[in-house]
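Features as listed in Swiss-Prot:
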type     : residues                           : note
BINDING  : GLY57, TRP59, ASP77, ASP93, ASP118 : S-adenosyl-L-methionine binding site
ACT_SITE : LYS158                             : active site, proton acceptor
COILED   : 378-422                            : coiled coil
REGION   : 440-513                            : region 'Disordered'
COMPBIAS : 464-493                            : compositional bias 'Acidic residues'
COMPBIAS : 535-545                            : compositional bias 'Basic and acidic residues'
REGION   : 535-715                            : region 'Disordered'
COMPBIAS : 546-564                            : compositional bias 'Acidic residues'
COMPBIAS : 579-591                            : compositional bias 'Acidic residues'
COMPBIAS : 592-610                            : compositional bias 'Basic and acidic residues'
COMPBIAS : 650-678                            : compositional bias 'Acidic residues'
COMPBIAS : 685-712                            : compositional bias 'Acidic residues'
REGION   : 806-841                            : region 'Disordered'
COMPBIAS : 816-827                            : compositional bias 'Basic and acidic residues'
Amino acid sequence: MGKHDKKTGKGRLDKFYRLAKEQGYRARSAFKLVHLNRKYDLLSKARCCIDLCAAPGGWLQVAEKYMPKGSLIIGVDLNAIKPLPHVTTFVADITTPHCRQTLRQHMHDWKADLVLHDGAPNVGSAWVQDAFTQNELVLQSLKLATEFLAKGGSFVTKVFRSQDYNSLLWVFGQLFKSVEATKPPSSRNVSAEIFVVCRDFIAPKHIDPKFLDPKHVFKDIASLPTSITEPTDTSIAPTSSSTASAAAAAARLAANSHAHSNVYAPEKKRRHREGYAEGDYTLHHTASAEEFVRGQDPVLLLGNMNKIEFRNETEKGWLKSRHTTPDIIANFEDLKVLGKGDFKALMKWRLAIRLEIGLDVKADKTQDATEEVVVEPMDEEEQITEELQKLQQAKLAKTKRERKRANEKKARELLKLQLNMTVPDDLDQNDLALQGEEEIFDLEEGENEARRRGKNGGLATLVDDGEGMDLASESEEEEDEDEEDDEVLDSDEERERKTAALEGELDGLYDSYVERKKERDAKWKVKQDRLKDKNFDAWHGIQEKSDEEGSDDDDGQDDDEEGGWDVIAQKKAKYGEGDSSDSDSDAEPETEVPKKIKKVSFEKPARSEKSSGLMTSLREPELRAQRSKQAQLWFDQPVFKEVGDLAALDGDDEEEEEEDESEEEESDDEDVDMEDASESSSTLEGDDDFEIVPQAPEDDGPEWDVDDEDQDEVKKKVIQDKGLLTAEAVSLATALVNRKTTADKLIDQGFNRLSAHNKDGLPTWFLDDESQFYKPNIPITKEAVDALRARQRALDARPIKKVAEAKGRKKMKAVARMEKAKKKADGVMESEEMGDGEKARQVRRMLARAAKGKEKAKEKKIVVAKGVNKGVKGRPTGVKGKYKIVDARMRKEVRALKRIKKAGSKRR
């Protein structure tokens with residue numbers, strides 16, 4: 001097919017498509033009805049119109065436009081039609097009784113003057129099948145039209161040119177006085193559609209249902225033999241008219257309607273209401289045996305005839321055949337009483353007789369099974385070319401499969417993202433534990449595996465102390481002791497250990513969830529940090545806390561005080577990383593002495609193979625406390641009294657860095673003493689194998705928090721500057737002012753079940769959830785909310801700084817212009833050359849010019865020389881003021897220059 005015949009998208013956007021867009025029609029097919037109405041005048045006198053298969057509604061728009069006002073217009077389609085003024089639409093299938101009932105409900109006692117049908121089925125690659133389906137749909141629409149059309153009405157339908165076209169025309173000709181086929185100009189030439197306009201409906205009182213049945217109207221009769229389909233004693237002269245041949249075909253179809261069913265299902269009784277065939281007034285029909293043997297359709301003959309006779313000598317000779325049994329002869333005598341098995345026996349007898357007389361030849365199975373295959377020799381180039389083609393096809397098929405697989409995987413991933421079905425990245429999707437086949441996590445197995453690997457290769461790096469002692473033997477002894485301790489653990493301890501492992505797993509999952517929330521929403525982290533520590537944010541702002549800060553922070557602040565959430569997170573990080581910093585570790589602590597020492601910091605010792613494991617001994621806290629007491633007793637000796645308080649030495653580096661320079665100068669002497677003390681203590685530790693463990697402060701006395709020092713003053717200052725910011729605060733303040741409550745009552749109400757909440761030992765994810773929902777609900781009043789909203793509206797009504805500055809500059813320029821105009825007016829009034837009237841006019845003009853300001857110069861209007869303005873001379877139509885005619889390229893350049901000029905201009 002040529003390039004101009006391809007039905008591409010852009011090729012179908014013809015002038016009627018553009019006209020439909022301009023005139024507001026929903027489809028370009030609306031112009032088909034416009035052209036048909038212009039030729040046949042179908043709509044001007046119609047008072048009731050039915051449009052079958054009306055979506056999207058283009059023909060309904062044309063009918064509403066050209067029909068008289070107040071007419072009844074009804075549209076039916078399988079798809080919903082958007083509402084149109086003065087048009088009734090509903091969704092139904094025109095082949096169902098439901099559509100017929102709905103039409104009756106809408107029309108009441110009306111009869112339609114016009115029935116339109118522009119529908120088509122969903123077409124595919126089989127043209128013959130699609131054409132038959134279209135013609136079947138046309139016949140169904142005609143069936144509806146015969147029920148609702150008034151006498152003298154019109155019917156317009158779309159038909160595809162096919163072999164059933166003449167049958168349709170014959171049916172139309174029986175029901176309408178005038179039938180014309182036409183093709184409007186708006187119909188594409190590449191389309192096989194034509195429109196049949198049927199006028200002057202006859203409106204018969206009774207129509208045979210078979211007359212509108214597609215099985216009978218479109219039945220193929222070309223293959224039927226003449227001896228069966230036509231009587232032998234009558235001959236119908238062929239006519240040139242297609243309608244006459246179609247009428248004869250329909251008559252023959254009506255006569256032989258049940259012939260095949262009489263043979264294949266003879267036991268089923270039927271009531272024949274079709275009457276006698278034309279020219280056939282007898283009920284008993286006979287045929288010769290030769291017609292049965294030599295005929296093309298023996299089944300049709302058996303169904304129509306009553307008896308088969310052996311008339312001539314040839315037929316009587318078949319009676320002597322071994323295949324002609326008495327049962328066969330008896331069956332031929334009366335065909336109407338035979339069953340299905342008897343008809344099969346007659347068909348087998350026919351095949352046998354045809355083989356005897358030579359009409360049929362028995363096929364040789366051996367010859368059919370063996371086929372001679374002729375292989376033509378191929379030269380080398382053809383073989384190479386064929387192999388290359390096969391390889392290329394295989395490669396293309398493989399690439400196509402891979403691309404399809406990748407697209408399917410991408411679609412699945414996209415669907416998972418849309419449904420929030422993602423899983424943490426650190427989880428293995430092929431892990432059997434996730435499928436429930438084994439336990440989720442077992443710390444004991446991991447620890448045992450670590451010990452098996454670490455006995456030989458885990459302690460590859462051995463640390464020597466100052467005396468040259470090898471610590472590997474001591475670490476091995478400690479590992480043996482730990483193994484013995486693990487063996488004696490009972491089931492309760494194992495259960496507790498697994499429970500702790502599960503809690504740690506949940507904490508890890510919660511941490512990954514928090515990280516994903518931070519990545520998705522930037523504001524989420526700010527909100528969470530504000531909820532955790534409001535006082536810290538008020539003074540220092542929200543900032544990320546590193547692992548070092550979290551591990552070094554050991555202020556011992558209670559969780560119930562302000563900032564308790566951060567303390568929990570820091571303790572969690574410290575216990576996760578620094579549980580091994582006890583005296584069991586055999587590595588010597590490395591003390592780094594900076595240039596400017598402010599205090600002595602005892603760093604954590606290096607982690608051993610045991611301390612880096614997954615499990616933590618349950619006896620470790622007791623051992624740590626016991627060794628801490630031993631170390632305290634050791635350092636109570638008189639030798640260490642000059643060193644000072646060891647607990648005070650373990651401070652925070654960050655707090656010391658924030659001290660003033662004056663304090664640094666005063667502490668220089670003390671730093672030197674601290675350094676000496678550190679050296680002496682480390683020496684003693686190396687000699688006696690003791691580790692200095694800082695003692696935690698006692699929890700007996702009350703702690704002093706610097707953050708609580710001026711909190712009341714800070715809150716007062718915020719209220720003075722910004723006022724009450726929440727509806728709860730406004731409600732409480734209003735109640736206090738109106739003496740509905742007192743300060744003592746408010747203080748008493750602050751002590752409730754939600755205020756005393758013990759947070760020790762609770763996981764972070766639980767505490768985060770409790771911080772949102774486990775808090776007192778203070779009732780608020782409508783007046784408080786209205787007051788806050790009124791204040792917010794007042795703030796929103798104020799202009800932004802940029803707008804206010806622009807207005808101020810504009811006002812200053814206007815004042816300057818007015819002052820300048822006043823000075824000029826004074827000069828004019830002092831002039832003696834002009835009269836009083838002239839002076840007044842000059843002053844009035846200057847003041848008006850100053851008040852008005854400078855007028856912006858009108859820009860030239862750019863007119864593109866295309867369409868109606870192409871090649872025009874003089875001023876284009878509809879253009880006022882200054883103009884400039886340019887082409888499309890120059891218009892883009894002008895816009896680019898404006899854009900560059902605007903971007904380059906500096907804002908004052």
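Residue positions begin at 1 at the first shown residue.
In case you wondered, yes, glycine gets a Cβ from its N, Cα and C as well.
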Simplified DSSP label at TRP59 (S-adenosyl-L-methionine binding site) comes out helix
Other parts of the chain folded back onto the compositional bias 'Basic and acidic residues' (816-827), taken as Cβ under 8 Å at six or more residues beyond its ends | 842-843, 846-847, 849-851, 853
So what's the mean pLDDT when you look at the coiled coil (378-422)?
-> 86
Sort out for me which one of GLY57, TRP59, ASP77, ASP93, LYS158 has the most neighbouring CB atoms within 10 A, since those are the recorded positions we care about.
-> TRP59
Cα-Cα, GLY57 (S-adenosyl-L-methionine binding site) versus the residue listed as 'active site, proton acceptor', nearest Å, comes out at 16
Give the distance between the Cα atoms of ASP77 (S-adenosyl-L-methionine binding site) and the residue listed as 'active site, proton acceptor', rounded to the nearest whole Å.
-> 15
Span of the S-adenosyl-L-methionine site, taken as the largest CA to CA distance across GLY57, TRP59, ASP77, ASP93, ASP118 (Å, rounded to a whole number) = 18
For LYS158 (active site, proton acceptor) and TRP59 (S-adenosyl-L-methionine binding site), determine the Cα separation and express it in whole Å.
-> 13
ASP118 (S-adenosyl-L-methionine binding site) CB neighbourhood, other CB atoms within 10 A | 22
Could you give me the DSSP helix, strand and coil counts for the compositional bias 'Basic and acidic residues' (816-827)?
-> 12 helix, 0 strand, 0 coil
